[in-house]
Number of protein chains: 2
Amino acid sequence: MKLLLIGYGNVGKAFRRLLHEKKDNYPILQGVEIAGIITRQGLMVGDKENFSPDKQLTVLEAIDYINPDVIVDMSVPNYKDGEPSVSAYIKALSRKIHVITVNKAPLALKFREIFEVAEKTGAKIGFQGTVMSGTPSINLFRIQPVAEVSRIRGILNGTTNYILTRIYEGLSFNEALKEAKEKGYAEEDPTLDLNGFDAAAKLTILSNFIMNRSLKLGDFKFKGITEITNEEIRRAKSEGKKIKLIAYADNYVVQVSPQIIGPQDPLYYIDGVENALEIQNEIQRIIIRGPGAGPINAAYGALSDLVLLLEGCL
Amino acid sequence: MKLLLIGYGNVGKAFRRLLHEKKDNYPILQGVEIAGIITRQGLMVGDKENFSPDKQLTVLEAIDYINPDVIVDMSVPNYKDGEPSVSAYIKALSRKIHVITVNKAPLALKFREIFEVAEKTGAKIGFQGTVMSGTPSINLFRIQPVAEVSRIRGILNGTTNYILTRIYEGLSFNEALKEAKEKGYAEEDPTLDLNGFDAAAKLTILSNFIMNRSLKLGDFKFKGITEITNEEIRRAKSEGKKIKLIAYADNYVVQVSPQIIGPQDPLYYIDGVENALEIQNEIQRIIIRGPGAGPINAAYGALSDLVLLLEGCL
């Protein structure tokens, strides 16, 4: 099975390392090879740790050149139009090349269009890594079949949850943001985390997949944490409560917004960069929590998808 | 696909109802039929709601008579020797008849023996319902492949957790037990819950499956809640702590025992009949919580296994 990796940043490197580490012990991975890695600098043919482009090709050209069995998208989300990933997925899936992605933008922008192509050809899409990274979220629904989900609620963005936690503990917003950057929990430009955009992208993907919606980013309201004052957080604290950025979807409402929640709410205890997802279906309510980010975690999400694909379980 | 149900108590009835409810909406279930139900009273041929035996057969004879594709074991655990289920599994699996079970006893007593037969013939075993009922536990590991688990910790018995919660809230042990019985959370003879046996059976199955152990019930120490005094629970409470019955396994230790835990421990917040499982692997720590019992939940665990089997993903 030939892989073409798109993007070779921290997640791509972690994925390559993890794949090599695991290959010896897991027979199912032994036929897997990285046939090429494409970045904005071009295509590197074959599997080498240090990237240097062999050919000046675009992503679409690289698919023709490599003719992979699977493309693994580890590139940074482009929320303007999802390109070049959207076109790459369409091209790949229409040729029955499978897609595994940790890149949220294409599925948050063109979920139905992409899945329609996959359904036509029978190609599979693995996207565990787009939501909560390596903590089972998307794939959790694969093992909970035939039960209608009526509500999901979660803390899906680690950056904002870390900042809210640190303000609760006494820092100012700016101190908390600075610390989050220093620890690698916030990017240099944290806008898409802070304004709720990242959480909204994840909620879009989850709602479309689980609740059979046809949402695109922008179809519902989202609000981030930038308008919350330290004073509001302290007041909530003095009443025994916390402010959390909650992603919520039921059959009527889809939204991301800060909520004041108390200790009777399981999400009250999700602090720092941890993520959590609460799922209510017709049978039961379950909650899963775990790390929602980190290059190794995202790589593990993608590798889990690869194994499920090889097992015929995507 | 022909099913033979073993046992027709609350779980068996809930499973039959759920299967019929879901058949219309889920094409994957449309070829599934209940070909017979066997209880201690004999075999009822075909699929009827009200049980009346048609033939005086044993479970082993019923497998010959029905020749099912899958046996679904909903019978009450017999911890003496696991029979008649153990012999039924061995017979079925050796003929490549698949097994789905919510009955813990056979796998807690003869895990390796049963799996060895399955491996020889390629028959599959679904056993999500043996641990945490319909809340993903066993099946959670199917979507987290290729990562070594180094530690699991959980609250796996709802009866004892309910009683401990109610004592914490002010009841005496006897009042709490009485209430648990009234609410259907404790059986008439609650011994196997109270003495830690039920949690130990679940921990045995989990450890064998996840950590590749070859444990049998009795290979490790387990302690229940019967020796905990109300005074101890109140003292813990006065120190801001709770006593919980914790099932624990790492590479050295496997045990079930009451533990005093504080609010920094996520299991502190698992109250009443809820269950939770914390999984530490080389990549991450995740925690899942949800109902650990109930006939509909157990039936849903078994039905999830059936769908995964039909998808080729068990």
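Using N, Cα and C of the backbone, Cβ positions are placed for all residues, glycine too.
Copied over from TrEMBL, here are the features:
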- A:GLY7, A:TYR8, A:GLY9, A:ASN10, A:VAL11, A:GLY12: NADP(+) binding site (BINDING)
- A:7-127: domain 'Aspartate/homoserine dehydrogenase NAD-binding' (DOMAIN)
- A:LYS104: NADPH binding site (BINDING)
- A:144-307: domain 'Homoserine dehydrogenase catalytic' (DOMAIN)
- A:GLU187: L-homoserine binding site (BINDING)
- A:LYS202: active site, proton donor (ACT_SITE)
_Three-state composition of the domain 'Aspartate/homoserine dehydrogenase NAD-binding' (A:7-127), taking helix and strand from DSSP_ = 53 helix, 22 strand, 46 coil
*Go through A:GLY9, A:GLY12, the listed binding-site residues, and name the one with the sparsest Cβ surroundings, counting other Cβ atoms within 10 Å.*
A:GLY9
*Starting from the NADP(+) site formed by A:GLY7, A:TYR8, A:GLY9, A:ASN10, A:VAL11, A:GLY12, give every other residue of that chain whose CB sits within 8 Å of the mean position of their CB atoms, in sequence order.*
A:LEU5, A:LYS13, A:ALA14, A:PHE15, A:MET74, A:SER75, A:PRO295
*Near the Cβ of A:GLY7 (NADP(+) binding site), how many other Cβ atoms are there if near means within 10 Å?*
23
*Which residues in the same chain, at least 6 apart in sequence, have a Cβ under 8 Å from the Cβ of A:VAL11 (NADP(+) binding site)?*
A:MET74, A:VAL102, A:GLY129, A:PRO295, A:ALA298, A:ALA299, A:ALA302
_Rounded inter-Cα distance in Å - the residue listed as 'active site, proton donor', the residue listed as 'NADPH binding site'_ = 7
*Taking the Cβ of A:LYS202 (active site, proton donor) as the centre, count every other Cβ atom within 10 Å, in any protein chain shown.*
26
*How many neighbouring Cβ atoms, not counting its own, are there within 10 Å of the Cβ of A:TYR8 (NADP(+) binding site)?*
20
*Based on DSSP, name the secondary structure state of the residue listed as 'L-homoserine binding site': helix, strand or coil.*
coil
*Find the one among the binding-site residues A:GLY7, A:ASN10, A:GLY12, A:LYS104 whose C-alpha lies closest to that of A:GLU187 (L-homoserine binding site).*
A:ASN10
*For the residue listed as 'NADPH binding site', what is the tally of other C-beta atoms lying within 10 angstroms of its C-beta?*
24
